[in-house]
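Take a look at the structure below.
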């Protein structure tokens, strides 16, 4: 995974990615009727606060001899953006969305306890000695529908539990609308519900034929943008921030990514020039750091599963069949053989004592 994403860095330095190929044109769903469905009836009002503009950071590529461009890994990060404290860069730092969701989770549990609310019929299936229940989502092949639900729920908690209303003009939908129809000012005073965020993201992923892995990388870029640019995602900017993160993630993850003009066919009223400008600003605010280590990706995947469990978004479980058990065993054996080959190669380079006995490992048996 890291190899593909590092290779994609070379494509992103100019703010626009050269295309390696182009897939068939996306479908054109009736999108406009869904995106701006009013949420005033059920949404919670939020007091508007003046937006504080944040100037994009100056980029210094350190031109040296022969106009050598400094690699992203060689540049020093600012002290306030230390990797150890940034969850989108460091695998040990806690994800922002999970910490923002804990307040609501604790309040919900406390309310259920005080009101003696019964959890009702258990829907989650547990394994026993005779039956093993597994879902169809793995870290390498997540379930698309469930992953989009989890990612949009994480975005929902980002908006609901934001610290302020700091934003940038390039992401402000009032300055750069996604539709020609005039959106009432009241629309921007209410937090969007989870179902509206899900509908917006699902429409883009369905029309552009994006994968579940792309959704996870989208969330990584979104949190990285909020941290680097020191802004908040709020009712006035969430659509353009999410759109920019999806646009960038699709180009990094997929060699035959959707073109900017294809997104214009999905959103219809947005121009290619606006998409290009937003992409350029997004990359500059990320300081062109589009690298997503495998450890960071895995952390976001498992934290999304924890978020789903806390909010009763259960994955679809099914009994382990004999055919799937054989497939899992074959995959495990292949990985084990590769690991043994690496160990042997390392031992050949490092052994200096005679009669060295390697570590014995027991074989796992699936029955």
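The backbone N, Cα and C atoms fix where each Cβ goes, glycine too.
Per Swiss-Prot, the features are:
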MOD_RES   73  phosphoserine
MOD_RES   111  phosphoserine
MOD_RES   118  phosphoserine
DOMAIN    186-291  domain 'Cyclin N-terminal'
MOD_RES   352  phosphoserine
For the domain 'Cyclin N-terminal' (186-291), residues assigned helix / strand / coil by DSSP: 75 helix, 1 strand, 30 coil
Overall pLDDT of the domain 'Cyclin N-terminal' (186-291), taken as the mean: 93
